[in-house]
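Positions annotated as FAD binding site by TrEMBL: Arg44, Pro45, Ile46, Ser47, Gly66, Thr67. Taken from TrEMBL, the feature [2Fe-2S] cluster binding site covers Cys194, Cys199, Cys202, Cys214. If you look up TrEMBL, you'll see 1-91 marked as domain 'FAD-binding FR-type'.
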Amino acid sequence: MHKILSNNQIAQDVYLMTVEGTFEGRMGQFYMLRAWGHYPVLSRPISIYNLEPDSIQFLYKAGGEGTARFASLRPGDSIQLEGPFGNGFPEVDGKTALVGGGIGIAPLFYTARQLDKPDIYLGFRGASYMTEAFAPYASELVVRVDANLLLDVDMQKYDNIFVCGPLGMMEAAARMAEGLETKLYVSLEKRMACGIGACYGCSVRTASGNRKVCSDGPVFQAQEVAWHEKLSV
Ligand code: FES
């Protein structure tokens, strides 16, 4: 178990939790978090928002029963963390853009810190949050509220684009990148049970068959994903 140092609400239903300890992780990976005994049964997968030598941070949305439980935790409370899990964003060369929608910005902060000043596009419904944290790591930072963020992204300008956000936004980005040289990577979200590739509960359809979001992903090349089919299997 690890000690929670802070757990602050930073927007409606959005919280930033800092947990004490020495943790590892690459950009786009996640941890399985648990702060209860037997119920709710499943741990919750939460992306790494930030890593420091003596702590890890998670930016999460309190939507379901498990994440609402996380939101009620106070400094000094304990939480169980397992990870890091998953294949995150790849190491890339060339000009890179990060595109995040809503709570999908969560894995992009640590990612931005690992890259050499990418352009960063962040979109929100209602109100923005955490954008000032991204600013020092961005070559150009574009923030849009209640607007179609993708209209601002000139995809051909980039060698690589990493996208995390609502499924519809990632699918629209995939369509925009069709036929371009630009490599587009998306970070998919699915309910997970085991988090380590053992239960097949998180499978999605791809061009190369069913793949597991937890262990084959959560990051996939956009053209691999079978967007035209129902993603879940
Ligand atoms: Fe069990 Fe992915 S959550 S295989």
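Cβ from N, Cα, C; glycine included.
Location within the structure of each feature annotated in TrEMBL.
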residue : record                        : DSSP class
Arg44   : FAD binding site              : strand
Gly66   : FAD binding site              : helix
Cys194  : [2Fe-2S] cluster binding site : coil
Cys199  : [2Fe-2S] cluster binding site : coil
Cys214  : [2Fe-2S] cluster binding site : coil
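Cβ-based neighbour count (10 Å, all protein chains) for Gly66 (FAD binding site) stands at 21. Highlighted here are the binding-site residues (Pro45, Ser47, Cys199) whose C-beta falls below 6 Å from ligand 1: Cys199, in sequence order. All chains included, 29 other C-beta atoms sit within 10 angstroms of the C-beta of Ser47 (FAD binding site). The domain 'FAD-binding FR-type' (1-91) scores a mean pLDDT of 94 in the predicted structure. For Cys214 ([2Fe-2S] cluster binding site), the same-chain residues 6+ apart in sequence whose C-beta sits under 8 angstroms from its C-beta are Pro45, Phe85, Gly86, Lys190, Met192, Cys194, Gly195, Ile196, Gly197, Cys202. The full span of the recorded FAD binding residues, Arg44, Pro45, Ile46, Ser47, Gly66, Thr67, taken as their largest Cα to Cα distance, is 15 Å. The FAD site is defined by Arg44, Pro45, Ile46, Ser47, Gly66, Thr67, and by the 8 Å test on Cβ atoms against their centroid, the other residues of the chain that qualify are Phe30, Met32, Leu33, Ser43, Phe58, Tyr60, Phe70. For the recorded [2Fe-2S] cluster site, residues Cys194, Cys199, Cys202, Cys214 set the reference point as the centre of their Cβ atoms, and the other residues of that chain within 8 Å of it by Cβ are Met192, Ala193, Gly195, Ile196, Gly197, Ala198, Tyr200, Gly201, Lys212, Val213, Ser215.
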